[in-house]
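Take a look at the structure below.
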Amino acid sequence: MSEVIGIKHNQHIYDLCTADELGITGDSISFDNSQESLAIIRHSCAHLMAQAIKILYPEAQFFVGPVVDEGFYYDFKVNTKISEEDLLVIEAKMKEIAKNAYPITKITLSRKEAQARFAHDELKVAVMSRIPDEKLSIYTQGDFEDLCRGPHLPNTKLLEHFKLTKIAGAYLGGDENAQMLIRIYGIAFADKQSLKDYLFTLEEAKKRDHRKLGQEMGLFTFDEEIGAGLPIWLPKGARLRHNIEHLLTQALKERGYEPVRGPEILKSDVWKKSGHYSNYKENMYFTIIDEQEYGIKPMNCVGHIKVYQSSPRSYRELPLRFYEYGIVHRHERSGVLHGLLRVREFTQDDAHIFCMTSQIKSEVNQILDFTKGIMNAFGFHYEMELSTRPQKSIGNDEVWENATAALKSALEENHISYQIDEGGGAFYGPKIDIKITDALKRKWQCGTIQIDMNLPERFELSYTDEHNVQVQPVMIHRAILGSFERFVAILTEHFGGEFPLFIAPTQVILIPIGEAQLEYARILRDKIITQSGAYAELMDKNESLSKKIRLAEKQRVPLIVVIGAKEVESKILAIRDRREKSQYELPEEAFIATLKTKIGEVSF
């Protein structure tokens with residue numbers, strides 16, 4: 001049985017020091033790779049790293065060192081520049097310290113005592129200014145101490161399997177006007193194999209990085225002259241998007257959704273009415289037109305509400321399903337922008353459903369079925385998280401209970417695995433978050449299904465029921481992909497750029513061996529485009545055959561057709577299928593027909 005390193009009580013994790021101090025009992029947390037255990041291991045590893053840095057750079061001052069999804073990090077400052085190469089030196093010092101088997105102990109101080117103790121450390125003063133408590137805690141190991149809430153391991157000797165992964169800059173407290181600190185990230189596990197597996201995945205993730213592949217494959221770019229976080233879709237990337245949009249549009253049509261479009265900018269008065277102005281203003285962009293303030297939309301919901309309000313509504317019309325590939329703008333700090341995953345302009349596969357309370361379950365059932373079709377088409381495993389009523393919320397108990405019960409029932413009827421985030425819903429209604437797992441077993445938050453009782457009330461939406469009474473509808477916000485930008489980034493990394501045939505930006509590439517085959521290759525390309533609907537390209541560069549094939553391979557085109565004199569004469573094509581890793585021959589007409597069938601057999 002592995003060593004006990006903490007206690008879980010009322011969903012909170014306590015280390016042994018704190019549990020003993022507060023007299024807390026609960027479920028034991030063993031030294032393993034459980035989520036609770038890793039939270040303790042990685043927090044202690046952050047302190048181990050800080051101790052090593054303090055020994056190597058005595059002038060070092062530390063801000064915060066939390067556990068995050070990708071491990072842990074510490075923000076700090078020193079007088080000298082630290083590079084990637086220095087991480088190995090810091091790591092070696094960490095291993096040396098860990099072997100000293102220092103007990104990790106906790107000291108509780110009054111605010112006054114803590115302020116006196118760290119009076120000459122400006123970063124610790126900054127940390128304390130953010131803590132409202134009158135009692136503060138310090139953790140010590142050897143001659144190192146740091147202000148911290150915990151939880152921590154009982155001894156440094158338990159820290160054996162860790163790796164420092166990257167170095168970056170970070171503004172103090174995330175404030176772009178504050179000083180820049182150094183941030184070092186790391187990872188830690190309870191055993192050697194888990195660390196080895198993680199590092200393999202990390203290397204694989206670097207190869208699959210959508211920013212790298214996007215540039216290599218000519219999918220998208222960014223231009224500082226235009227502005228950070230504003231993606232430019234190149235022809236091949238736009239083709240990829242079009243292929244996804246085409247499939248999605250057909251599926252939406254079949255499921256009874258109507259296309260709508262709202263304006264890009266709306267008067268600030270309407271954002272005040274919706275609540276965005278008071279709750280989301282810092283994430284919005286504004287402009288003045290004719291002395292009137294307008295807000296560039298960060299969400300599509302208000303436009304769809306105005307579509308609903310464009311005429312009187314009856315219960316006979318409900319549910320109404322409106323969709324839009326809506327371009328939205330949200331202000332993100334430059335430090336958090338990351339390729340297509342985090343941008344300032346993006347397009348949502350957004351839909352809003354206006355329905356009666358009694359229709360919530362059937363509508364959610366349909367959305368879950370839609371989600372299943374999309375995820376299966378791309379080979380994604382997915383799970384869902386149901387977030388329930390928070391302490392601060394609007395609406396009466398009965399509506400909340402009915403809405404939450406409808407979401408639960410829909411999930412269970414569809415045999416979908418889900419977690420419950422108690423109290424994690426929006427103030428205006430419960431929600432389901434869609435989380436997908438990619439080929440590297442990383443989890444990504446994509447779409448969401450949100451029940452909204454707030455906006456229908458704010459905008460006084462109504463429909464006439466069967467008794468000729470005006471009733472407020474329920475509004476369901478629904479996005480399955482989340483945004484096209486984010487989803488394309490995830491797809492690129494999931495497939496490593498090897499997109500399946502049905503969405504590949506170039507589906508067929510024709511490589512004539514010489515000048516004599518060019519004319520036939522051009523005719524064949526046009527036939528493929530017009531008769532199969534596939535994107536076909538012609539490699540007509542004056543290069544050797546082997547180089548042409550290498551270029552096509554680098555572009556990760558699914559089907560490569562090499563055309564020589566024999567193929568021109570016989571009209572039987574030599575095909576290389578990169579996805580199936582096979583080579584075969586097919587008559588020209590049969591190839592085009594097969595291509596059309598393969599592309600057409602996928603639907604959402």
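Just so you know, glycine gets a Cβ as well, placed from its N, Cα and C.
Swiss-Prot lists CYS301, HIS352 as Zn(2+)-binding residues, and of the candidates HIS161, HIS467, HIS477 the one it assigns to that same site is HIS477. DSSP gives HIS352 (Zn(2+) binding site) a strand state.
Just so you know, the Cβ of HIS477 (Zn(2+) binding site) picks up 22 other Cβ atoms within 10 Å once every protein chain is counted. Counting Cβ atoms from all protein chains shown, HIS352 (Zn(2+) binding site) has 27 others lying within 10 Å of its own Cβ. Mean pLDDT of the predicted structure over the region 'Catalytic' (209-500): 94. Taken residue by residue with DSSP, HIS477 (Zn(2+) binding site) is part of a strand. In sequence order, MET299, ASN300, HIS304, ILE305, ASP350, ALA351, GLN450, ASP452, LEU455, MET475, ILE476, ARG478 are the same-chain residues whose CB sits within 8 A of the CB centroid of CYS301, HIS352, HIS477, the residues recorded for Zn(2+) being left out.
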